[in-house]
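Novice: Let me give you the structure first, and then I'll get to my questions.
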């Protein structure tokens with residue numbers, strides 16, 4: 001079960017690669033937000049690692065962090081007002097990169113469907129209309145992944161059937177129960193969104209994301225506790241939710257946590273295999 005975490009979710013690449021190095025391959029995957037991007041690519045592509053590594057995601061945190069530090073208080077205030085206006089009159093900060101992002105997902109996943117995957121796969125999204133979790137196991141993979149990762153205020157939600165779908169982390173950051181529905185002997189969860197100290201908050205938009213993240217984390221502890229084992233990558237510094245330029249650091253964190261938890265991983269998976 002691959003959770004969210006924004007840019008920190010690139011740690012899932014390192015975790016999956018580390019598990020394969022140990023000889024373990026998931027028999028099913030459930031993904032949320034960034035975990036949906038990595039998980040669905042893993043399930044649909046043999047070259048999943050290289051393919052996800054090539055995905056170009058805009059470093060929105062870096063751009064707006066630098067903007068807040070330059071130009072003085074007046075220009076900073078003007079930029080903040082523009083960001084607020086983009087959310088009031090449009091879908092948010094990332095609306096202008098929506099088509100580029102959708103194109104990247106199409107390049108990654110093509111026109112394949114979730115049910116075409118080599119292993120069972122599911123992604124979780126949030127219906128903004130009903131306020132409920134929506135689990136997608138069929139349908140176009142790029143649509144499902146976009147819906148699961150559409151962070152409110154950054155990317156527009158996806159209209160699908162009667163739903164208006166946004167980031168799955170809003171309703172359930174750790175849908176371990178969905179993973180158990182596949183009937184496998186053990187569920188290993190990856191929590192790439194663990195709270196680290198954040199000293200780099202420089203504007204209202206980053207403060208809003210951080211506050212939302214804190215709310216999610218308090219609920220997530222209970223949800224992750226239902227997994228048989230939860231791997232929590234640790235990062236050498238604070239990485240912003242939208243700091244996608246930190247990809248390599250995040251992958252390295254994923255590899256490190258697998259190395260550190262190798263004894264626990266072997267005890268769980270070998271024990272369940274022999275049971």
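Please read every residue number as a count from 1 along the shown chain.
Cβ coordinates are placed from backbone N, Cα and C, and glycine is handled just like the others.
Keep in mind that TrEMBL annotations are predicted by a computer and have not been checked by a curator.
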Novice: Please find, within the list 16-20, 21-25, 26-30, 31-35, the residue stretch that TrEMBL describes as motif 'GXSXG'.
Specialist: 31-35
Novice: Can you dig out which of the ranges 4-9, 10-15 TrEMBL describes as motif 'GXGXXG'?
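Specialist: Of 4-9, 10-15, TrEMBL gives motif 'GXGXXG' for 4-9.
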Novice: For the motif 'GXSXG' (31-35), could you work out the same-chain residues 6 or more beyond its ends whose Cβ comes under 8 Å from its Cβ atoms?
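Specialist: That would be 1-10, 12, 121-124, 145, 148-149, 151, 167-169, 172-175, 190, 192.
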Novice: To see if you understand the setup: which same-chain residues, six or more apart in sequence, place their Cβ under 8 Å from that of residue 167 (active site, proton acceptor)?
Specialist: 4, 33, 125, 126, 148, 149, 150, 151, 152
Novice: What is the number of residues in the motif 'GXSXG' (31-35) that are helix, strand and coil, as DSSP sees it?
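Specialist: Per DSSP, the residues of the motif 'GXSXG' (31-35) fall into 2 helix, 2 strand, 1 coil.
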